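**Q** One structure, as structure tokens, below. Some questions next.
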Amino acid sequence: MAWALKLPLADEVIESGLVQDFDASLSGIGQELGAGAYSMSDVLALPIFKQEESSLPPDNENKILPFQYVLCAATSPAVKLHDETLTYLNQGQSYEIRMLDNRKLGELPEINGKLVKSIFRVVFHDRRLQYTEHQQLEGWRWNRPGDRILDIDIPMSVGIIDPRANPTQLNTVEFLWDPAKRTSVFIQVHCISTEFTMRKHGGEKGVPFRVQIDTFKENENGEYTEHLHSASCQIKVFKPKGADRKQKTDREKMEKRTPHEKEKYQPSYETTILTECSPWPEITYVNNSPSPGFNSSHSSFSLGEGNGSPNHQPEPPPPVTDNLLPTTTPQEAQQWLHRNRFSTFTRLFTNFSGADLLKLTRDDVIQICGPADGIRLFNALKGRMVRPRLTIYVCQESLQLREQQQQQQQQQQKHEDGDSNGTFFVYHAIYLEELTAVELTEKIAQLFSISPCQISQIYKQGPTGIHVLISDEMIQNFQEEACFILDTMKAETNDSYHIILK
């Protein structure tokens with residue numbers, strides 16, 4: 001017997017009405033209902049939904065970092081949502097940075113009861129200034145003799161051990177500390193942001209800096225070289241009390257904005273949390289520029305005295321290479337990715353050795369990393385250097401060189417084939433990117449291990465032996481791979497020299 005459930009008449013009427021209402025509510029989906037109708041795509045495109053979507057952290061942001069560094073200074077309220085925070089500091093004022101241990105139970109047990117080493121740096125935020133950091137810091141050193149860019153306020157600091165400030169690294173300090181104990185370090189930044197701007201008409205904006213902290217643990221040999229954690233934040237430094245005035249100005253500007261405009265900006269926080277970043281590379285540049293302060297050997301400038309041999313000239317420092325090799329282990333490959341600013345892809349390439357990475361084609365890395373980072377990674381893997389804008393060759397003139405040149409001229413009169421006594425002269429290549437007289441001065445000074453301040457002027461020997469002052473425009477008109485002999489004259493007023501390109 002089949003059983004059928006029969007609804008009363010009233011229930012059947014209700015059910016029929018509900019079905020009709022539901023059908024009616026669905027009938028308009030996907031159709032244009034009129035000028036005032038909303039489409040679902042328009043609704044999802046509203047800023048509120050976009051913000052909620054972008055605020056969802058990716059998987060790698062959910063991880064708890066082993067350490068956290070907190071700068072006790074308020075962030076600016078004039079920073080837009082999703083932009084990095086910006087913090088204003090006063091020149092020479094002591095600011096506390098709290099060193100916090102965030103490790104979970106059982107995480108990094110090898111540092112329990114041991115010290116770690118943290119290195120603090122003040123570096124440039126702008127990529128353009130990062131490329132010329134050596135020149136910028138050297139210029140600051142000569143304008144502010146005896147001063148440092150970064151210092152530790154030792155009396156106010158707590159829990160730091162063996163603080164050090166290398167006299168040749170003006171922007172770096174370091175110390176040891178125990179993660180299990182309370183540690184706070186007070187730092188002072190002595191340079192201001194406007195010292196590195198192009199002076200034009202006054203009132204210029206200052207360049208932003210970065211405070212970066214790199215922490216290392218001890219290796220088997222007792223050296224603190226194994227990287228644990230790195231974090232940084234963006235700052236601007238003002239003259240005393242200037243940061244307070246700037247913070248007040250930003251706050252007043254925000255108060256004048258409408259509630260809708262305020263939603264586009266971050267609130268001001270009482271402290272600044274340093275965010276995770278790539279470790280600072282041990283070797284910053286791939287050209288011959290030494291790291292600020294590490295080249296402390298200033299040999300005497302013997303160019304003009306005629307006592308140097310053309311066959312025994314000062315050797316420039318060897319070019320720095322950081323190429324990935326097929327024999328590189330997966331662990332070394334991870335370190336290479338960090339050093340070359342590919343930290344975001346270390347998880348993707350966890351098990352890749354050097355040989356695995358080098359086998360990737362251009363299309364492979366672009367598909368994995370995206371067009372911008374993919375091309376950058378491919379060029380880094382292949383060790384491709386950027387071709388300099390101008391290459392010139394220089395040779396140091398000396399008394400022996402003059403004598404040999406005279407001998408060659410005499411022998412050439414006897415031997416028309418030009419085959420003289422077989423001597424040859426060593427030239428050094430100078431690679432120029434900015435094509436300026438300042439850059440040429442620095443390159444020549446670096447080549448002969450002297451200070452740029454010891455070079456007063458650079459001249460080019462012109463027709464009839466006249467001395468033409470080198471300018472930016474003249475350098476821009478140098479021929480590629482032009483050869484010059486360097487001669488010198490003692491300056492009249494001080495211990496510097498004039499360089500003559502022949």
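Note that Cβ sites are derived from N, Cα and C of the backbone, with glycine treated the same way.
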**Q** By the record in Swiss-Prot, which of S39, S353, S471 is the one labelled phosphoserine?
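**A** The phosphoserine feature in Swiss-Prot corresponds to S353.
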**Q** Would you identify the secondary structure of S353 (phosphoserine) according to DSSP, in three states?
**A** coil
**Q** With a Cβ cut-off under 8 Å, give me the same-chain residues at least six positions beyond the ends of the compositional bias 'Basic and acidic residues' (241-265) that come close to it.
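**A** Here the qualifying positions are 74, 76-81, 88-91, 93, 192.
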**Q** So if I draw a 10 Å sphere around the Cβ of S353 (phosphoserine), how many other Cβ atoms end up inside it?
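**A** Result for S353 (phosphoserine): 19 other Cβ atoms within 10 Å.
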**Q** Please list, for the region 'Disordered' (238-268), how many residues fall into helix, strand and coil according to DSSP.
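**A** Helix, strand and coil residues of the region 'Disordered' (238-268) number 18 helix, 2 strand, 11 coil.
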